[in-house]
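Lifted from TrEMBL, the feature list:
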- B:20-40: transmembrane segment (TRANSMEM)
- B:70-96: transmembrane segment (TRANSMEM)
- B:71-272: domain 'ABC transmembrane type-1' (DOMAIN)
- B:116-136: transmembrane segment (TRANSMEM)
- B:148-170: transmembrane segment (TRANSMEM)
- B:196-216: transmembrane segment (TRANSMEM)
- B:223-242: transmembrane segment (TRANSMEM)
- B:254-271: transmembrane segment (TRANSMEM)
- B:302-327: transmembrane segment (TRANSMEM)
- B:353-543: domain 'ABC transmembrane type-1' (DOMAIN)
- B:357-379: transmembrane segment (TRANSMEM)
- B:391-411: transmembrane segment (TRANSMEM)
- B:417-435: transmembrane segment (TRANSMEM)
- B:475-502: transmembrane segment (TRANSMEM)
């Protein structure tokens, strides 16, 4: 049976080879609750501690401090082979000496279930993962995508309490990655297994997760739904890591307004800072519109890049860093480098970053 | 503040796996008792005379010319054999891995043949050909005053015996140098000669140095060839230490010579392992580089080829002579064909055959498994004393057999361990002496296997032992095979340590061969040698079949 996961004050220190007195904190005081049946993604650049965190949940790494619970049961001292938290490995880790069937049946055989029951169960799961008819093949005869499916089948056949994914799609090409992403999500929702998913790919995280945990340097920067993380990032790091962003310095004015590049904008959300303070605004490139005449800010087109579904402009605006603007859709006007333009942006789309 | 205490943390993790803890404790104690303790005993014996601590025995080195010349002779023979062995080995490896020449497979097997032979094949062949009644020296050239005994005899015999080891080591080195690098040098205008000296040779240099040191150690520790071919006028360390103990019953002098023998061996081993080991430019791609080298011109190519063919021809000649000698009544006088020598082996001398087989059959599986288990512990497990276990378990590779033999009779002749004269002492000696090769190949193969494959097994519910049995062992089957074959071959052909440990109850074929050579009955020696070679070849085929069966799917699998 699947169960919620609770992580409390989890730390992992590794020895520091340069300075033994100062261990490296790969994971630093992480608290996280994963609800039953929820898929939570750990997202962050390499070295942020996400894989270490996942491996502690799996039991491959020993926490230096803190606790991991599956349901009410503290898992810290449970060895990895007793955790019932099966994992889809980044390298797939298919047993090369066993057939596809035996790979998937591996864990069931250790539970000494009846031959018949194992066969029925494995066949079911192979069908579920699109591997019907491949039971007797050797792993070397499979493509990357099929190996990925075997890894997935091998994990879900165990009906684990928790399902773990360690960057499962990083070895696939872009098209296959998109497809597998959808399949994994659909399967996970159908089976309703509590899942923890590690990736460094923000698109993958956005598309697959119920909630995302953004990590940096072993610390959780923000936890939220994909929408919250994108539109209300907790800080500059999160904003920069998820999607593209303009960071515009502005001065807080009276009555919930900000002054930037000669324009005064009244914001919808209340501003925490007091008038006269300097704040950083997050402006996503796609919320800005350009027009030859209409707008509140003056700018000059410095660079144009046509990317098919959208056109990307770099606009020089006096008094700020250049703005990145993305225009899309058939109605969008086109400009060339050197054009003078006017920029407008809806106040609701401006997010004031916490310092 | 997070407190990091490595050993305590590792112990905490280990404590959850009592089987693993037990295994580690058992292996640690076994290594301590059967590898380290005998060496300590040798050291103590060399520093004591009748129970009194003294440096007197080492003082003998200065006083007695015999000992001084033994040191000089041994070191000069080893150095020369190392150099010649590496030159021949390198040429053979280069020709057989990089050049497109006919008969590569046959030449490969012929070049390797001496590795699986009992230690006296080349010595006996040399006696058949160049001895007092040798075909070449007496029958063909009619020489009266030529003596094969001494420096040249030992060097010739050892080069023949040990060049194949250099060949195998260098083969791996050369095969791992990507020929694209040579092409790149040619592409920017280097000649073939320049490419070799500026690219190929420098890249293989650490491997060459390593091969030299391996051959140096083998030659220095060699007992059989010097015993047969050195002669009284050319003392050498290993036989001299043996003679001190069995001839003069002088344990402390024997132990002292053993220590003297141990020093250069361990030094060479340390350099090979800790200095050169880290400097090998080996890139493991999993794909053998098949493309032929373009850096040698046809005349050079065929010149090198003829050297390899010549070596293979000498191998064939030596073995041919052994075969003929085994069926010849009295070599040098009466060349009538006879089965008398075999009749002797299978009648009077048959105990030695069965004894050797029993010992080899017990040692082989134990050694194969122990090697893989230790490799698994070294590569995959973290525990306090990890480095010490790795060092201790491969140490015996560098310890000359003579030293081990003396150590074993010193250590296991008196309480707490009384084992002399038993089957156990021979098995344990072979087990710990020959397990390092299995360990090292296990470690090498295991390091290339993605640890997440074993983690996946754990993750799916397999305990440490199940993971080892169902996943690790099948994956490292090639190393397991190497370990088994090496253990079997060595158990069948060992002499230097074993000669101290055999008894009336448990005797060995190699010791019988030595006795026959000693009493001038070369025909019986040759017959014994052929029986050993036959058994070894059959065993390799059986082990191969067994290991293949164990790992049906993995035969073609690249991890």
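Cβ coordinates are placed from backbone N, Cα and C, and glycine is handled just like the others.
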**Request:** Could you name the stretch, out of B:20-40, B:70-96, B:148-170, B:302-327, B:357-379, with the greatest number of CB pairs under 8 A to the transmembrane segment (B:254-271)?
**Result:** B:70-96
**Message:** Counting a contact as 3 or more Cβ pairs under 8 Å, with residues at least 6 apart in sequence, do the transmembrane segment (B:20-40) and the transmembrane segment (B:391-411) touch?
**Reply:** yes
**Request:** Sort out for me which stretch, of B:116-136, B:196-216, B:223-242, B:391-411, B:417-435, has the most Cβ pairs below 8 angstroms to the transmembrane segment (B:148-170).
**Result:** B:223-242
**Asked** Which sequence positions outside the transmembrane segment (B:357-379), separated from its termini by at least 6 residues, show Cβ-Cβ distances below 8 Å to it?
**Response** 23-24, 27, 386, 389-390, 393, 423, 426-427, 430-431, 434-443, 445-447, 468, 472-473, 476, 479-480, 483-484, 486-488, 491-492, 506, 508, 535, 539, 543
**Request:** Give me the stretch from B:70-96, B:196-216, B:223-242, B:302-327 with the greatest number of Cβ pairs under 8 Å to the transmembrane segment (B:116-136).
**Result:** B:302-327
**Prompt:** By a Cβ-Cβ criterion of under 8 Å, what residues six or more beyond either terminus of the transmembrane segment (B:302-327) are in contact with it?
**Reply:** 88, 91-92, 94-96, 99, 101, 106-107, 110-111, 113-114, 121-122, 124-126, 128-129, 135, 160, 163, 296, 337-339, 341-342, 522-523, 526-527, 529-530
